[in-house]
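Shown next, in structure tokens, is the structure this report addresses.
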Amino acid sequence: MEEARALPARLHISIAFALEVSVGKTNTVTALNGSNVLLPCVFTTCIGFQDLVFTWYFNSTEMIYHGKIKSKMSEPFLVGRNPRVEFVGSTTGKENNISILLNEVDFSDAGKYTCHVKNPKEKNAQHSASIFLTVVHKMVETDNTVTLIIVGVVGGLIGLLILFMLVKKVVLFIIKKTQDRKKECLVSSSGNDNTENGLAGSKADQKVAPKA
């Protein structure tokens, strides 16, 4: 029974200490032929790292950058790299950034780039994330005409709705005022009729009684 209770605790610890690697919110990037392109990668670990090793691969097999990091207090040192690849990250700041820059890309550079990390401090835990590079001859401009039309139509409908509500409010206000005036006229007219007919409160009741 005690062993069964201890199992969730061990599982929780293993999850908390897990090494994670990320290439950002999107795993695709497009670059213009002949330009330089940034390939982002960061890693996180709850217990820190020691003698951490990171490697970038092209299409899972070709190593294009290999580096090591002694500790959080030191920057990575190069082990090996492709001549066109440059390290542009930093691991002494808040983020453990191990991004690289691929210079003068051409169409043969299109493919999958994998950032792989191994942390000996976490019993050699390993994790990786991939980003897909597309190389184009010319950047295509996005046509926002449809989007602008939709925004314009929606904005127009909202404007009409607001105008309708304002008009409705004004009309209801006028109708209420008109009804109040009619009520005042009816009350006034009723008072005049009572006076002329000699009803209670009329002038007829106010005549002086003849002397005996």
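Cβ from N, Cα, C; glycine included.
TrEMBL lists 187-197 with the feature compositional bias 'Polar residues'.
Taken from TrEMBL, the feature domain 'Ig-like' covers 8-132. The predicted model assigns the domain 'Ig-like' (8-132) a mean pLDDT of 91.
Feature annotation from TrEMBL assigns region 'Disordered' to 185-212.
TrEMBL lists 146-167 with the feature transmembrane segment.
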Secondary structure content of the domain 'Ig-like' (8-132), with strand meaning DSSP E or B: 15 helix, 60 strand, 50 coil
